[in-house]
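Data first, discussion second: the structure below is written as structure tokens.
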Amino acid sequence: MPAEVIYGTEIATKLRNELRKEIMSLQKKGIQPGLAVIIVGDDPASKVYVREKKRASEAIGIHSKVIELNEATSQQELLDKVLELNNDSSIHGILVQLPLPKHIDAKIIIESITPNKDVDGFHPINVGRLITNQECFVPCTPLGILYMIKDKNIPIEGKHVVVVGRSNIVGKPVGHLFLNENATVTYCHSATEDLYNHTKKADILISAVGKPNLINEQGVKDGAVVIDVGNSVLSSGKLSGDVNFDVVKEKASYITPVPKGVGPMTITMLLNNTIIAAKQS
Ligand SMILES: Nc1nc(=O)c2c([nH]1)NC[C@@H]1CN(c3ccc(C(=O)N[C@@H](CCC(=O)O)C(=O)O)cc3)C=[N+]21
């Protein structure tokens, strides 16, 4: 039987409706959640994401401030902007859109965001809290993946989760998140020998690499849950994940599409984290 397709768009709509209600009750208490998004330069993909974050924030009642800085902005100017937002009580969440121009050290910028406003969960304090299983801001894509799996009542405890990719934004944190849920976690990456030897043992396979068709049916166990975090733009202009969807769908029990899968959950979790930040302020 072909897999059930998990549409992030549907789960995101349900969750955003709940978040909207939560914001209304916060507003009654005089709290107006605010999110600041900083974008440096004019990378077209980044501009699309930032526009979508603003639209999604405003649609549920989050005050959204987009700060557009030009490509030539110095690291110090960007730091000053972050520090200003750290001290702005109308802003509860700060996100600096990545990638940053080459002359700016992203690590220094991320560390300048106060951890209590780090709704991306990229600050080393939040990373450390995640791996020590403490309350923290968890990066939005990993959180969105966990939310989708829980929404479908897919068991996690004791299951083998194989993560392909070890980025700081998706691969590494998603593995820790599932470890905290008592899964057995394997990481695969560009130096892994015999990738499919690992991936075909996964009960839950999460691919976050950015290589179309990396995961074919030979790399997937019968009945596996397949989560595709790939986001490659093909020469046709179409968006593609890492998974050969049409063939893997025939073997998996659940599968996420690209687009309409993990992506919409990522933005929803940003809204979720902003509300948490506002409640804790
Ligand atoms: N500081 C920072 N935080 C981020 O969270 C962050 C970032 N920088 N830099 C770039 C990546 C990428 N990212 C996506 C979010 C939503 C979709 C999304 O919703 N995609 C739609 C399709 C959009 C389209 O059609 O182009 C979908 O998958 O259905 C995709 C990608 C967040 N990122």
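Yeah, the Cβs are placed from backbone N, Cα and C, and that goes for glycine too.
Over in TrEMBL, the protein carries these features:
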DOMAIN    6-120  domain 'Tetrahydrofolate dehydrogenase/cyclohydrolase catalytic'
DOMAIN    139-280  domain 'Tetrahydrofolate dehydrogenase/cyclohydrolase NAD(P)-binding'
BINDING   G165, R166, S167  NADP(+) binding site
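Within 10 Å of the Cβ of S167 (NADP(+) binding site) there are 16 other Cβ atoms, across all protein chains. Over the domain 'Tetrahydrofolate dehydrogenase/cyclohydrolase NAD(P)-binding' (139-280), the average per-residue pLDDT in this prediction is 98. Helix first, then strand, then coil: DSSP counts for the domain 'Tetrahydrofolate dehydrogenase/cyclohydrolase catalytic' (6-120) stand at 59 helix, 18 strand, 38 coil.
For the binding-site residues G165, R166, the ranking by surrounding Cβ atoms (within 10 Å, all protein chains) places G165 first.
Break the domain 'Tetrahydrofolate dehydrogenase/cyclohydrolase NAD(P)-binding' (139-280) down by DSSP state and the numbers are 53 helix, 26 strand, 63 coil.
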